[in-house]
């Protein structure tokens with residue numbers, strides 16, 4: 001084993017995995033440091049909302065320092081992404097320090113709002129009146145900023161950024177779910193298992209299949225018939241949209257509650273229109289998921305920059321003029337790919353959620369299946385990241401000559 005670790009080809013990947021394990025150890029330790037005892041927490045029956053929070057690295061079963069998870073950070077990234085979407089050139093000219101400060105300031109503001117909402121939603125009223133609510137908010141905000149810092153460090157020195165933290169949070173949430181007795185026939189259970197397997201195959205298809213757009217490469221002078229093509233994944237945004245959409249939905253709910261509580265202190269915490277046991281709440285979440293999936297995919301593809309690269313290199317698409325025509329052509333292709341990928345993921349998540357409205361006695365099992373699907377999707381992305389590092393490590397001695 002020691003000999004294997006000393007091999008130069010895989011030294012970097014092992015260091016990154018070890019660093020990620022250290023980050024996860026801190027996260028697990030912090031998520032077990034309770035601020036409020038379990039007896040002082042309100043019992044909520046909206047189990048999918050708790051599951052949704054866990055998909056952002058949070059936990060509302062107990063109030064701990066990492067209860068908010070990465071939700072405020074993901075929401076701030078969404079807001080900044082949508083603001084910069086219309087002017088990508090200005091966004092690309094910003095320094096990393098400018099982007100960093102904007103993200104952190106916005107994350108801080110959103111953390112305060114979500115902390116206020118979580119305390120009033122999940123902590124007993126008696127405990128809220130007894131304790132110093134501002135001190136509790138300060139602890140939650142500090143924990144969130146620490147977790148964001150850990151995720152940022154893992155992006156630089158570890159594996160797959162915030163995804164390992166979310167993966168551990170989902171596993172922890174799945175282990176806490178109680179499914180001692182399943183009120184369903186063997187045929188229904190078998191159908192659920194088959195549907196989950198089919199869904200996992202579809203997700204694997206989404207990750208592995210790519211759309212290829214052939215173009216004429218002026219630098220390709222080889223005698224072979226090898227074609228050059230522009231490749232995009234079916235869902236360019238990947239699994240990050242699942243975390244971002246949940247984060248946006250939680251922020252929407254907490255933001256509305258925060259604004260209403262300013263004018264009416266006795267406002268009810270339960271908002272039926274934004275709950276997962278109502279068709280309106282599920283529909284709102286799925287619309288957010290679909291729109292964010294599309295816009296994030298378009299943001300990552302960046303057709304405007306790609307058309308400029310084609311203009312500089314002299315490469316072109318057959319029958320398409322360089323410049324504005326190329327940009328319009330790429331926008332047309334990008335819209336098709338991004339809407340298709342976003343709609344496919346939304347349908348995969350939406351069908352089980354709507355199904356819980358018709359068979360509420362199987363809601364826990366269906367929620368468990370949804371979490372399993374999200375877990376596998378995130379695992380595929382993490383595996384893809386590890387494979388990329390292994391690929392670059394394999395050719396490190398060759399690539400070092402050119403950078």
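From the backbone N, Cα and C atoms, a Cβ is placed for every residue, glycine too.
From a predicted model like this one, the values you see are computed outputs, not experimental measurements.
Look at Swiss-Prot and you will find 17-37 (among others) tagged as transmembrane segment, backed by sequence analysis.
The transmembrane segment annotation in Swiss-Prot covers 63-83 (among others) and rests on sequence analysis.
The annotation transmembrane segment is assigned in Swiss-Prot to 105-125 (among others).
Beyond the transmembrane segment (131-151), the same-chain residues lying 6 or more positions past its ends with a Cβ under 8 Å from any Cβ of the stretch are 23, 26-27, 30, 35-36, 57, 63-73, 104, 107-108, 111-112, 115-116, 118-119, 123, 161-162, 165. Residues annotated as transmembrane segment in Swiss-Prot: 131-151 (among others).
According to Swiss-Prot, the transmembrane segment annotation covers 157-177 (among others).
Summarising the annotation, Swiss-Prot assigns transmembrane segment to 186-206 (among others) and lists sequence analysis as the type of evidence.
Look at Swiss-Prot and you will find 240-260 (among others) tagged as transmembrane segment.
For 276-296 (among others), the entry in Swiss-Prot reads transmembrane segment, with the evidence type sequence analysis. Long-range contacts of the transmembrane segment (276-296) within its own chain (CB-CB distance under 8 A, at least 6 residues past either end) are made by residues 46, 48-49, 52, 78, 81-82, 85, 235-237, 240-242, 244-246, 248-249, 252, 338-339, 341-343, 345-346, 349-350, 353-354, 356-357, 360, 363.
The annotation transmembrane segment is assigned in Swiss-Prot to 339-359 (among others) on the grounds of sequence analysis.
Annotation source Swiss-Prot lists transmembrane segment at 362-382 (among others). Outside the transmembrane segment (362-382), and at least 6 residues removed from its termini, the chain residues within Cβ reach (under 8 Å) are 47-48, 51, 54-55, 159-160, 163-164, 166-167, 170-171, 173-174, 177-179, 182-184, 188, 192, 195-196, 199-200, 203-204, 207, 238-239, 242, 277, 348-349, 352-353, 355-356.
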